[in-house]
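S.K.: The structure that follows is given in the form of structure tokens.
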Amino acid sequence: MALFLTVTFLFLVSFLNVSTRSIHLSNSQAPTFDERNKDHWNLQAQWILRSKISNPVNTRVAKNVILFLGDGMSITTLAATRVYLGQQYGHLGEELKLSFEAFPYTGLAKTYCVDNNVADSACSGTAYLTGVKANSGTVGLSGAVKRGDCKGQRDGFHSVTGLMDWAQRAGKGTGVVTTTRVTHATPAASYAHSADRRWEADADLPKKGLRCDDIATQLVRGRVGSRIDIVLGGGRKNFFPRNERDLEGYHGYRTDGADLIREWIIKKESLGAVPKYVYHKDALMKLDPNVYTSVLGLFSPDHMPYHLEAGNDDPTLSEMTQKAIQILSRRKNGFFLFVEGGRIDTAHHETKARKALDETAELAKAVEAALRLVDPTETLVVVTSDHSHTMTYSGYSKRGSDILGLSNKLNASDNLPYTTLSYANGPGFRPHLKMKRHNLALDNFKSLNYTYPALVPIGRETHGGEDVAVFAKGPWAHLFTGNYEQNFLPHAIAYAACIGPGLTNCK
């Protein structure tokens, strides 16, 4: 039996050299034999054990750091996405891993805000980007500032610094890539200080908040924002006036007359950079990373479109990530890059599970693309989420059942079908007439915009309060094991990269 295990292990190692990258799943997992055979499970477990035993601890300085954030990417979302992707390529799905799920170190982060037990993207972004927990709806400020408190925002004492600032002070290149507006709560937490996440442009400020800088202004004029080398995402409308149209014919949103795009170019030139502004995919892909040192890419007036609905002019998250790395890799002191798959969250809020799973798959592709461009021995890669959602995965369905369809175990007491995926609340609520549930067998699950059933009728589904997963690979990745507060993440990253004011492995 020992000889059989050894020979089979060698076969597994050779098998793993066959890339499965075309389906964006991990290529570091044992192949599936007959699951009814006990040897399948023993061999699989032994392979995992051997890989963990042989995995060396890397204590080098992390020259580069890439932090990937799946907005709203709950553990349930990860499990469902494995099946979604696997079934597209002829697998059952449950047995597979997304690219980053094969990382050697994993942990769980606690996501609550200072004031709320369920986090939003603003307070959580402040936690995992600055190391300080904050109040719901606030960005880059301590818990002493309540949402909407302009005076508290203007008091610099309550502002908190974070990874972007620490990396810049260490002479590293910095970048932000997102599929949302670049002024949205998550990316904003990397560079802005705002008492309200909604203050993305001056037009969003209430009269009592007019003396506070909006988030777009802070990206262009702020000490940290103005020094970010690469900014790619959506939200173009927040950077130019309402009475003007951009090159695609869309109106701006600003009321102060500021053209922040032109101002960004002038600012970058004054700092000695070679800047370039782009607004469509072709221009981004043609950028020579050996020429341009700073890039502002605003590819949509609002959030970028969902991957399933994107046009030919819309770059994918993978393409934006690759271009950012190509440019930042020229920095001799390394770089810090923050990448957000932001439309996972918006799809969940709409209870559109198909889109949420597809956006999660796009994040997995971006992680895979990044890994091909960096040296794994000197690059720390961390993948996590800011909060969860109320989507559940239930029903005892047979293996191979459509993850986006009905459960094939019709054991509901009313004899009506139910979906494998559903939500605790949201717009997918179906009215029950005379206490009889809506017959889901009549619905079209193939529609991209199908709203999955919800228990409680709310116009916008809410976040969930459970912990989120953390996956790490590279120098000091072993620091990310266990269960910890979400604000621990930037402290561990800073330690690995020798940046920031706290304890580092260089001191």
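In case you wondered, yes, glycine gets a Cβ from its N, Cα and C as well.
From TrEMBL, for reference:
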ACT_SITE  Ser121  active site, phosphoserine intermediate
BINDING   Asp71, Asp345, Asp386, His387, His463  Zn(2+) 2 binding site
BINDING   Asp71, His184, Thr186, Glu340  Mg(2+) binding site
BINDING   His349  Zn(2+) 1 binding site
SIGNAL    1-20  signal peptide
S.K.: Which chain neighbours of the Zn(2+) 2 site, leaving out Asp71, Asp345, Asp386, His387, His463, have a Cβ atom within 8 Å of the mean position of the site's Cβ atoms?
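M.R.: Here the non-site neighbours turn out to be Gly72, Met73, Ala119, Asp120, Ser121, Ser124, Thr186, Ile344, Ser385, Ser388, His389.
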S.K.: To the nearest whole angstrom, what is the C-alpha distance linking Asp71 (Zn(2+) 2 binding site) and Glu340 (Mg(2+) binding site)?
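M.R.: On Cα coordinates alone, these residues lie 7 Å apart.
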S.K.: Could you state the CA-to-CA distance between Glu340 (Mg(2+) binding site) and Asp386 (Zn(2+) 2 binding site) to the nearest Å?
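M.R.: Checking the Cα atoms of Glu340 (Mg(2+) binding site) and Asp386 (Zn(2+) 2 binding site) gives a distance of 10 Å.
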S.K.: Which residues, sitting 6 or more apart from His463 (Zn(2+) 2 binding site) on the same chain, put a CB under 8 Å from its CB?
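M.R.: Those within reach of His463 (Zn(2+) 2 binding site), by Cβ under 8 Å and sequence separation of 6 or more, are Gly72, Val118, Ala119, Asp120, His387, Ser388, His389, Thr390.
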S.K.: Rounded to an integer, what is the Cα-Cα distance in Å between Asp386 (Zn(2+) 2 binding site) and Ser121 (active site, phosphoserine intermediate)?
M.R.: 6
S.K.: What does DSSP assign the residue listed as 'active site, phosphoserine intermediate', in three states?
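M.R.: Assignment for the residue listed as 'active site, phosphoserine intermediate' reads helix.
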S.K.: For the residue listed as 'Zn(2+) 1 binding site', which of the recorded positions Ser121, His184, Thr186 has the nearest Cα in space?
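M.R.: Sorting the recorded positions by distance from the residue listed as 'Zn(2+) 1 binding site', the top entry is Ser121.
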S.K.: Between C-alpha atoms, which of these binding-site residues comes nearest to Ser121 (active site, phosphoserine intermediate): His184, Thr186, Asp345?
M.R.: Thr186
S.K.: Cα of His184 (Mg(2+) binding site) to Cα of Asp345 (Zn(2+) 2 binding site): how many Å, rounded?
M.R.: 12
S.K.: Using the alpha carbons only, what distance in Å do you get between Thr186 (Mg(2+) binding site) and Asp345 (Zn(2+) 2 binding site) once rounded?
M.R.: 11
S.K.: Below 8 Å Cβ to Cβ and six or more residues apart, same chain only. Which residues does that give for Asp345 (Zn(2+) 2 binding site)?
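M.R.: Within the chain, Asp345 (Zn(2+) 2 binding site) has Cβ neighbours under 8 Å at Asp71, Gly72, Ser121, His389.
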